[in-house]
Amino acid sequence: MAEQQLGVLKALDVAKTQLYHFTAIVIAGMGFFTDAYDLFCVSLVTKLLGRLYYFNPLSEKPGSLPPHVAAAVNGVALCGTLAGQLFFGWLGDKLGRKKVYGITLIMMIVCSVASGLSFGNKAKGVMTTLCFFRFWLGFGIGGDYPLSATIMSEYANKKTRGAFIAAVFAMQGVGILAGGFVALAVSSIFDKKFPAPTYAVNRALSTPPQADYIWRIIVMFGALPAALTYYWRMKMPETARYTALVAKNIKQATQDMSKVLQVELEMEERAENIITDPRLNYGLFSKEFAKRHGLPLLGCTSTWFLLDIAFYSQNLFQKDIFSAIGWIPKAATMNGIHEVFMIARAQTLIALCSTVPGYWFTVAFIDIMGRFAIQLMGFFMMTVFMFAIAFPYLFVSFFLYLFTFCDV
């Protein structure tokens, strides 16, 4: 393959683990951190949105989002993510990882802030604004998500590539955990500053008008980590694999990696002949691509698809599962602010005890156990625990639910 014949790429593959590897993990990982925060923080505040904008004083239960509105609020960002992955994945091969990385980050910053704003103060205007900007937020996430992993894989050496890429993905769990911490902090501050009776005691006063700021702060907070990493992302040089193999600029790739590796790399004299070899240049939809990469690509995409059905649906609808298993009190026994706190506490505990440890277990053992074995173990455990959840075990249902997140 071409990568085995270019000296600059050989140097990357055999390079010792250095500071720049960990710098790349942090910078690329912050993309996954922000992606997870932005996608899942909305599940913390949907019940509050229902109380605020769909309040019915004659109802014995607090206001809740109508099914079609709840589906839109929870799922619109994922629709944007799908479109963004296809568009920015293509654009990343046309313009380069670095340029597109910056575009997606700016889009995420702007749309995170805009999601917390609204046109008017009525339900229709607020929900429309939220869904509109969360779609474009998801569009940016769709570009950031694969590019973060791609950049890390193209910077990593062969020996620890699995652990480095897994570490970037592990920041997704940290982002979910951060969402819980932010919601806990914000709801605690507002609960003390604006005490309110429960819905059962006083329906009208159970959700003070100041609670409207809670969901906006939580949603807009996702712009902060994205903004903080923008400078460092732009300082990263373009990956050598893109510069050499796609842009076909061997000289620039060598110069960039000489700085990164802090070694002097020599320019290959016949590099241009290598990267233009017709046997190594074939299209995505060609027979040669299908022959070489079709089966691994199908296996990877299909398992990822099946995993995401469980992972994303459970994270977005955790609040409903918490209520169903009785882990949070009935809505009428809480005020609107305290309900946010209880949901955030439950999500934080799930992330802290299972999701985050599960990610970092993979980081520690992926290069020891191998990719296939560790994925097989994860799917097996998720299958067992999710199947067990279907049975009415009142005392263990929560712990079975918790264990499913250890294996993502």
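Cβ from N, Cα, C; glycine included.
Automated prediction, rather than curation, is the source of TrEMBL annotations.
TrEMBL lists 20-45, 65-88, 100-119, 163-190, 213-232, 348-366, 378-403 with the feature transmembrane segment. According to TrEMBL, the feature domain 'Major facilitator superfamily (MFS) profile' maps to 24-408.
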In the same chain, which residue numbers or ranges, 6 or more beyond the ends of the transmembrane segment (163-190), come under 8 angstroms Cβ to Cβ?
-> 21, 24-25, 28-37, 40-41, 44-45, 148-149, 152-153, 155-156, 210-211, 213-214, 217-218, 221, 225, 315, 337-338, 340-341, 343-345, 347-348, 351-352, 355-356, 358-360, 362-364, 366-367, 408
Best-contacting stretch, by C-beta pairs under 8 Å, relative to the transmembrane segment (65-88) and drawn from 100-119, 213-232, 348-366 | 100-119
Who are the chain neighbours of the transmembrane segment (100-119) in space, where the CB to CB distance is under 8 Å and they lie at least 6 residues beyond its ends?
-> 31, 34, 38, 84, 88, 91-92, 125-126, 128-130, 133-134, 136-137, 139-141, 143-144, 147, 151, 215-217, 219-223, 226-227, 229-230, 233-234
On average, residues of the domain 'Major facilitator superfamily (MFS) profile' (24-408) score a pLDDT of 85
